[in-house]
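The substrate binding site annotation in TrEMBL covers Arg2, Ala3, His4, Tyr5, Lys60, Tyr117, Arg121, Ser125, Arg186, Leu187, His188. Residues annotated as domain 'Pyridoxamine 5'-phosphate oxidase N-terminal' in TrEMBL: 33-151. TrEMBL lists 55-60, 70-71, 76-77, Gln99, 134-135, Trp180, Arg190 with the feature FMN binding site. What TrEMBL lists as domain 'Pyridoxine 5'-phosphate oxidase dimerisation C-terminal' is 167-208.
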Amino acid sequence: MRAHYRDVGLSESDLAPDPFTQFALWFAQAGASGLHEPNAMVCSTADERGRPSSRTVLLKKYDERGFVFFTNYGSRKGREIDANPYVSLLFPWHGIARQVIVSGRAERTGRAETAAYFRTRPHGSQLGAWASEQSSRVASRAELDRMFEQLAERYPEGEDVPAPAQWGGYRVRPETVEFWQGRENRLHDRLRYTLGEDGTWTVERLCP
Ligand SMILES: Cc1cc2nc3c(=O)[nH]c(=O)nc-3n(C[C@H](O)[C@H](O)[C@H](O)COP(=O)(O)O)c2cc1C
């Protein structure tokens, strides 16, 4: 699979007119290739002093408005996005010699969108979102388990669990999207879409 994509390469004439359509194509190919969790992406943020931090999150939906993931707004990433909304999302599809890098501005999804997604999560994950004050210190594993058990008593299986106020989605509206295809001799293909002020996308080829 990796060799196949390396041989085929990526040319300007292959690209869709917008990065969302191109992403949809590559995302489908990543899924069909059997890659484990192709929706796992590295989300990098920077604090108000410009210090970066990265972590993996899961892409839950995407369309022409952007790329959406869900998290705790009080987490480190959430606090950093509050201070500086510019983020980078990187899909590391090593198994097929590809990566996609999105950079843009993150904004919170509306409460209705968050609540609709929260309802689709397994009961245990819903409780986990309540039990974990993400990124803050916790005294022990036992304390975390105790929190979870208390919540499980309050909301037994089958009972509706509301989305915590501090939990929700971010939609990253891209300003650039780079599609990277590994090739022979390190002469990889890199094609980057950039959003113009008039709302149209232009594509440039970058040296590998
Ligand atoms: C495969 C994978 C998927 C993950 N998906 C999410 C996710 O969708 N949302 C989330 O908040 N954390 C997710 N995490 C946990 C984050 O990587 C991270 O530990 C957590 O969000 C706290 O990050 P922060 O302290 O930098 O804010 C995932 C971790 C892995 C390894």
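Every residue gets a Cβ built from N, Cα and C, even glycine.
Unlike curated entries, TrEMBL annotations are predicted automatically.
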Farthest-apart CA atoms of Arg2, Ala3, His4, Tyr5, Lys60, Tyr117, Arg121, Ser125, Arg186, Leu187, His188, residues recorded for substrate, distance in Å: 43
Distance-selected binding-site residues near ligand 1 (C-beta under 6 Å), from His4, Gln99, Arg121, Ser135: Ser135
The domain 'Pyridoxamine 5'-phosphate oxidase N-terminal' (33-151): DSSP-derived helix, strand, coil residue counts: 41 helix, 43 strand, 35 coil
Rounded inter-Cα distance in Å - Arg2 (substrate binding site), Val57 (FMN binding site): 24
Residue among binding-site residues His4, Lys60, Arg186, His188 with Cα closest to the Cα of Arg76 (FMN binding site): Lys60
Lowest local Cβ density among Gln99, Ser135, which the record lists as binding-site residues, within 10 Å: Ser135
Cβ neighbours within the same chain of Arg121 (substrate binding site) - under 8 Å, at least six residues apart: Ala129
Separation of alpha carbons, Val57 (FMN binding site) and His4 (substrate binding site) (Å): 28
Distance [Cα-Cα, Å, rounded] between Gln99 (FMN binding site) and Arg186 (substrate binding site): 14
Set of same-chain residues at least 6 away whose C-beta sits under 8 angstroms from Arg190 (FMN binding site): Glu178, Phe179, Trp180, Gln181, Arg205, Leu206, Cys207, Pro208
Of Arg2, His4, Val57, Leu59, Arg76 (the binding-site residues), the residue whose Cβ has the fewest other Cβ atoms within 10 Å: His4
Taken over the domain 'Pyridoxamine 5'-phosphate oxidase N-terminal' (33-151), the model's mean pLDDT: 97
Closest of Lys60, Arg186, His188 to Ser135 (FMN binding site), Cα positions, binding-site residues only: Lys60
